[in-house]
Every structure is written in C-alpha cells, then in structure tokens.
C-alpha cells in the first residue's frame with residue numbers, strides 16, 4: 001500500500017482522539033485517525049453512554065416496580081417486566097447512532113480514518129495493521145490517545161462469569177445474583193442498575209468506605225439508597241476467588257473470616273489502567289510518569305512532535321478531560337498559542353443519587369494552605385426535590401475564607417449531574433459567593449440549593 | 001495575632017510633618033525587628049524608620065512623596081502572640097514608637113482612652129477588603145481569570161501572573177488586560193530610529209521637591225539685587241600657595257573658601273544687617289551675633305547647605321577643617337540635621353566651574369548670599385601697562401526689602417578689599 005503522508009496522525013478514536021482529529025481537520029491540517037473498531041472509544045461504545053442507557057432503563061423499571069408495590073403518588077402499575085435483550089438492543093441503537101454521528105463529523109472535517117492497530121516505527125512513522133495489510137503513515141505530529149482498559153484481578157481473570165464493565169453492559173438477562181468487586185463509581189453505577197433490575201447485589205470493597213475518592217458526607221445518601229435497593233455492602237473486604245460450586249464468590253471479610261457469597265455473575269471494577277502497550281511505545285521510549293505517559297501543560301511528551309492526551313496521560317481518567325486536551329493539542333499543532341489552564345474538571349458519579357464534585361473539596365483546599373469556609377443546603381428544604389419524590393442529598397460550596405472565591409462545589413442528589421455545568425462555570429469564571437448569591441436561580445429547581453448554600457456561608461440563608 | 005502600629009517619630013524640634021521618600025518594605029513583607037521600613041525627609045535631613053517588632057506588613061500609611069504628620073501611623077505590622085487588647089493600646093502608642101522597649105512600658109500603664117474612636121479607621125487585622133481592586137493571588141496559585149481572558153492573554157503572549165486583577169478577589173478582567181497591554185506598549189521604546197517621542201515622567205519627591213519648593217519660595221518672596229564685583233586675588237593666591245607649600249602635618253590644605261569665610265566674618269561685624277534672617281511672616285529681622293556660614297554644595301542627592309557654625313570662633317585652618325568635614329558629611333549622607341540648617345549667611349561656590357558671573361538665589365530667610373566665580377588670569381591695567389593678574393568675581397545677592405543697594409555695595413566693596421589685601425583679615429581682631 002502507498003504510504004500516507006500527513007500533518008497529524010491520531011492513535012485512538014475515543015473522545016480525546018476523535019475530538020483532536022475533528023479540530024485538526026477544521027483547522028485545515030491534513031489528519032489521519034487510526035482506530036481499531038469504531039470511532040467513539042470506550043466512552044461511546046462500552047463506557048459512559050451504554051452505562052447511562054442501562055442506568056436509565058433500570059431507573060424507569062424500578063419506578064414502575066415502585067408504583068406496582070405501593071401506588072406512590074397515586075399511581076399504580078402492575079407487574080412490570082424487562083426483557084434485557086431488547087434493552088441492550090435499544091442501547092446498541094443509541095451507540096450506533098452516536099458512533100456513526102462521530103464518523104460523519106470526522107468525514108465533514110476531512111479526517112481520513114484508517115481502521116486498524118497502529119504501531120510506532122519511530123517518532124514520526126506509524127505502521128497500521130489493517131484488513132488489507134500494513135499501512136505506513138508518516139506524520140509530522142502524532143497524538144497518542146490510546147485510553148485505558150479495565151484492571152484485571154489475578155484471582156478473578158475476566159471470562160466466563162467474571163465480567164468487566166464491557167460485558168456487564170451487554171448481558172442479555174438479568175442475573176439473579178451479582179457480586180460487584182470494587183466499590184468505585186463504575187461498579188456502583190452498574191451494580192445499582194442491576195439491583196434496580198432485580199438482581200441481588202453484593203458490593204465488595206477493600207477500602208473502609210465505598211466510593212473512597214469521595215468524602216463520607218457525599219457517600220452517605222448513596223449507601224442509604226443501596227440499602228433501600230436491598231444491596232449488601234461489604235467494606236474492608238477482599239475477593240479471594242470463585243467458589244468451586246460455580247455459583248459463589250469467596251470473600252475475605254474485614255474480620256478475617258471467609259464467606260462465600262452468592263454470585264451468578266461477578267463484575268470486577270477495580271479501576272482502569274492506561275493502555276501503554278501494543279502500539280510500539282518501546283520504540284520511542286517516552287518519559288513516563290508512573291504508569292502514565294508524562295506530558296507538559298501543552299500535552300507534549302518527551303519527544304518532539306509526539307503528543308499524548310486522555311486516560312493514557314493520567315488522572316482523572318474522564319472523557320471530558322480528554323476532549324479538552326484533544327481540542328487544545330489540535331490547536332497547538334495548528335500554531336495557535338494554547339496551554340492547559342483549567343481551574344477544574346468536573347467529576348460525576350452516576351450512582352443513585354448522583355454525586356458531582358467540581359474543584360477542590362474543603363480538605364484539598366486546606367491541604368493547599370488555604371483558609372476555607374463551607375456551606376451546604378439539603379434537598380429536604382428544596383421544593384423541586386420534594387416534588388420529584390427525592391429529597392435526599394445536598395449541595396455544598398467551598399470558598400476561600402477571606403475573598404469568598406468559590407474553590408469547589410460538591411453535591412449529591414437525584415439528577416444532580418446536570419448541575420455540574422453551573423458548578424464548573426462558577427469556578428472557571430472565578431465566581432465569588434456573592435456572584436452566586438446575586439444570581440437569580442429559577443424556582444422551583446434543584447439549583448436553588450446552590451444559591452442557598454452560598455447564602456448560608458454569607459450568613460443570610462432564607463430557607464433553612 | 002495583634003497589630004503593631006509604627007508611627008512617624010519626632011524627627012526634630014518644631015517639625016510637624018515629614019515627607020515619605022522611600023519605602024523599604026511592601027505590603028505582605030515579613031520584617032524583623034530593626035529592619036528599615038521607610039525613609040522620611042524633614043527640612044534637609046533624611047531619617048530612616050526602623051521596625052520595632054517582627055511581623056508582617058499589613059498596611060502602609062502613605063505613598064512616596066506624600067507628607068505625613070509626626071505621630072501618625074505609617075506602617076501597621078501584624079505580630080504573633082499579641083491579643084486584641086494590646087492591639088488597641090499599640091494604636092495609641094506615642095510617636096516615639098520606634099524605641100520599642102520604652103513604648104511597651106508605656107503601653108502597659110496607659111489605658112486605651114480613645115480606642116473606640118480609632119477603631120473606625122483601623123482596618124481589620126487581615127487588612128483585606130474586596131470592595132474594589134483585589135490583591136494579587138498568592139504565590140503558586142493560578143491567576144484568577146475567566147477562560148476568555150486567559151485565552152486572550154495567551155494569544156497576546158502575556159503572562160497573567162504579571163497582570164493585576166481589579167475584579168472581585170483579584171479577578172483579572174478584559175479591562176485589566178487592556179490596561180496591561182497599553183502600559184506594555186508605551187514601555188517599549190519607539191521602533192523608528194528618528195524622532196524619539198518618549199517622555200519620561202519623574203515624580204518630584206524627597207530632596208528634589210524640597211529644593212524646588214525652597215527655590216520657588218525664595219524667588220517669589222525675595223526681590224533679589226545682585227552685585228558682581230571683580231576681585232584681584234593675586235596676593236591671596238600667593239599667600240595661599242605659600243601656606244600650602246609650607247604645609248604642617250595635620251593641617252588641611254587651604255582653598256579660597258576659608259579666606260572668604262574669614263572675610264565675611266570680618267565684613268558682617270561691621271554690617272550686622274547682612275548676617276541676619278528676615279522673617280517676613282512675622283515681620284521681624286533677626287541679626288545674629290554668631291556667624292553661621294552655609295556652604296551650598298552639590299551632593300549625589302542634590303543641593304545641600306552644610307553649615308559651619310560660629311565661623312567667628314574659627315581660625316583659618318579650623319574653618320578649612322570644619323568645611324571639609326561638613327562637606328563630606330553632607331556628601332555621604334551622614335550629616336546631622338543641625339549640620340544642615342541654621343546658617344545665617346551663605347556662600348555659593350561652583351569651584352572651577354564657577355563661570356564669570358552668577359545670580360545666586362538667597363537661602364531664605366537669610367538676607368545675603370555670596371557667590372564665588374572662578375579664578376582666571378586676566379590682563380589688568382595698572383595705570384601704565386597691562387599686567388597679568390589672578391582675577392576672581394564675586395556675585396552676591398541681597399534681599400532688597402531689607403538691604404539697600406548702598407549697603408550691599410559697601411559690603412561687596414569690603415569683601416573685595418579684604419580679599420585683595422589678605423593681611424587685613426588678620427589684623428585688628
């Protein structure tokens with residue numbers, strides 16, 4: 001095959017890679033994207049989007065069951081049923097709509113897509129294994145956007161009834177019993193969805209608390225909801241391996257004793273690791289930062305003309321971080337002056353209730369030597385939350401004590417993820433408490449709790 | 001935490017205010033005891049203000065060039081381990097606050113009588129209110145600016161850490177960026193090699209401003225009459241050269257000035273009206289018995305007038321030694337206040353640059369000033385022929401309000417006679 005010579009080659013078509021490619025194309029750069037399967041990456045095909053589809057379906061189903069149980073809000077329903085095969089089909093429909101949408105956008109930006117697995121020959125040359133043989137790509141700039149993959153436990157290798165998140169999002173029947181090993185956000189999002197779909201769920205977490213990256217106050221409403229859903233949570237516990245009976249999972253509990261828990265399926269979600277092998281990274285010997293590729297504030301690696309973005313470059317491994325980096329790198333290659341200067345990257349956990357954390361927590365800010373004040377407002381005092389039948393959770397604002405500069409906003413509550421936009425905007429714009437307090441917040445909405453939390457620090461909250 | 005106020009100390013008898021000429025610290029600086037905080041200037045002396053305590057500077061009471069009343073707060077320092085009650089007392093500390101030990105003792109016995117009154121003005125110990133322009137963000141913190149400002153700055157190649165944010169909490173706005181860019185543009189020198197359109201603005205502060213004020217006042221108040229007279233200093237120069245040649249160890253080299261001082265002492269003894277101050281506001285003339293001769297001198301800091309006190313008591317060599325001493329002290333800035341004030345008549349000398357004639361401005365409230373011009377060999381008609389003589393002009397100004405031209409002329413004539421026949425300086429007391 002004839003060599004491709006281009007300005008930009010992107011390895012990986014996930015949210016980081018495809019955004020970088022689209023932007024590069026828009027800026028008139030001759031761009032090639034190398035992708036193994038379909039553009040969209042983990043996020044679109046086996047991550048964010050499919051999991052949210054499943055979560056939403058589970059919510060709808062659980063609501064109907066709730067009405068069937070007791071006729072809350074005067075609504076009665078009878079005997080709802082779910083055909084997970086059709087649910088998954090529906091989900092796949094969304095995924096294919098999105099992936100074809102991305103392909104269309106890439107085409108519109110005149111990005112050439114090479115389907116295959118890329119490998120570095122040197123810092124400016126890639127060899128892509130395609131169906132039609134090896135394709136050599138010579139590029140002035142290469143963007144590594146290979147992303148991350150689920151971490152496997154040696155005691156519980158993926159396969160059979162041991163699932164990674166990818167398989168868990170493609171089950172065709174709801175398992176009777178599901179053990180979730182790893183109580184991070186991925187495990188709990190999927191675990192709670194299956195609990196709502198009727199599975200008996202046990203969460204096995206090694207730390208003292210589920211969602212160890214969030215503080216206890218934020219996690220409490222989620223723990224409570226897990227109990228309501230009948231899920232069992234074992235903290236300080238470690239999965240030892242599958243029970244020989246083919247039905248159970250052996251768990252070493254916090255007290256040191258072993259217990260075999262019922263687990264028709266075992267979902268292992270103990271984190272993700274950057275994908276740094278399989279594409280000839282050894283050939284170019286980039287500097288690493290631990291497991292990740294080391295980058296500077298312009299996403300440049302230690303080799304000239306080689307950039308890296310997304311999960312392969314470090315925490316937080318979030319699609320929107322990768323997208324922002326991708327856009328920035330494309331513009332840098334096009335000769336624009338850009339640099340990573342974001343104040344915050346919002347993190348959303350789609351459990352029930354949802355958790356949002358934007359900017360710094362009070363602890364983080366104090367650790368950075370700042371004097372802070374915090375104020376929170378519970379949804380119990382919020383009219384809209386009550387009308388939705390969900391008044392659990394709160395919004396919490398962290399600000400600098402003297403300047404009232406908003407440093408962070410955390411919240412937990414049903415549907416709170418949509419407010420992450422407002423939170424991030426406040427921080428990115430450098431808002432002070434007075435700015436939030438001086439903004440009219442629509443009534444009745446959940447956002448009023450942000451207003452009230454700010455007023456509370458200022459000492460004149462109205463509704464508490 | 002407590003707040004310690006450093007007040008402007010009493011820097012001299014009868015002085016009510018002083019001009020702040022320099023800050024040695026800025027807001028947020030940590031200072032140790034005895035670190036210099038500021039320099040103020042009174043009359044013609046500069047006084048350094050040390051810190052009495054160790055702590056953090058949280059408030060500066062004036063900007064450079066401002067005049068500050070004696071006893072008013074100039075710096076507030078946040079100190080460890082002092083509670084609020086002590087704070088109130090510290091605010092009321094007497095103006096001699098620069099002597100820490102003394103103040104502390106007074107504080108303890110003195111109640112805080114008007115603490116409430118001062119409370120209104122006193123800023124909070126944190127000293128940070130965010131009504132208007134904010135302070136810079138602390139070190140290591142990202143500059144606080146919305147994304148659109150950050151992008152603009154990056155594209156313009158501006159490091160936002162250099163831009164002062166005027167928004168709440170020090171937020172950098174588009175306007176701040178505009179201002180910074182304009183300032184940056186004007187700071188850059190003009191690219192064209194031809195016309196230099198730059199204008200350097202220099203704020204008149206300190207000694208320079210003082211000199212300007214004094215000169216303007218002198219010229220505005222005093223109708224000057226200036227008499228230029230020619231003096232044949234050949235004899236004096238011969239004498240001087242001989243005296244220096246026979247130099248005795250320990251004796252200073254003589255210049256013309258000690259002779260002139262001697263001549264002035266002699267002359268004003270006969271005309272005391274010239275060794276006087278005219279206080280035009282009180283409408284009083286003060287004639288002095290003692291002759292304190294000011295010597296207008298150029299120093300690295302500007303024009304100063306060190307004073308040779310009681311010149312009438314000094315012999316020629318003593319006057320020369322004293323002249324050298326005060327001139328040196330004023331040049332290197334160690335002159336005490338009284339060495340820079342209190343003259344009753346002044347000599348202005350530019351030495352070898354002395355020109356043919358000058359129009360000296362009187363050192364108000366004095367009434368006379370004697371300007372010395374350079375010595376040059378000039379042809380002199382002795383009645384029969386031209387002979388080369390060492391000639392020097394004296395350009396003397398007088399306050400015509402109190403000195404008539406006649407008296408001035410007699411004084412100048414007298415100086416001429418004494419200088420031309422130096423032996424006369426040393427006879428008859």
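Cβ atoms here come from the backbone N, Cα and C positions, even for glycine.
These figures come from a predicted structure and were not determined experimentally.
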Listed in TrEMBL for the NAD(+) site shared with A:182, A:183, A:184, A:185, A:186, A:187, A:188, A:189, A:205, one of A:116, A:123, A:256, A:271: A:271
Intrachain C-beta neighbours of residue A:186 (NAD(+) binding site), sequence separation six or more, cut-off 8 angstroms: A:51, A:165, A:269, A:272
Summary of DSSP states over the domain 'Pyridine nucleotide-disulphide oxidoreductase dimerisation' (A:345-453), given as helix, strand and coil counts: 38 helix, 33 strand, 38 coil
Additional residues around NAD(+), ordered along the sequence, whose Cβ is within 8 Å of the centroid of A:182, A:183, A:184, A:185, A:186, A:187, A:188, A:189, A:205, A:271: A:180, A:191, A:203, A:210, A:211, A:269, A:270
Among A:52, A:320, the one of these binding-site residues whose Cβ has the fewest neighbouring Cβ atoms within 10 Å: A:52
Residue A:184 (NAD(+) binding site) and residue A:311 (FAD binding site), distance between Cα atoms, whole Å: 17
Mapped DSSP class for residue A:318 (FAD binding site), helix or strand or coil: coil
Binding-site residues compared (A:147, A:182, A:184) - the one with the fewest other Cβ atoms within 10 Å: A:184
For residue A:205 (NAD(+) binding site), the three-state class that DSSP assigns: strand
Cα-Cα distance maximum in Å, computed over every pair in A:52, A:146, A:147, A:148, A:311, A:317, A:318, A:319, A:320 that the record assigns to FAD: 23
For the binding-site residues A:205, A:311, the one whose C-beta sees the most other C-beta atoms within 10 angstroms: A:311
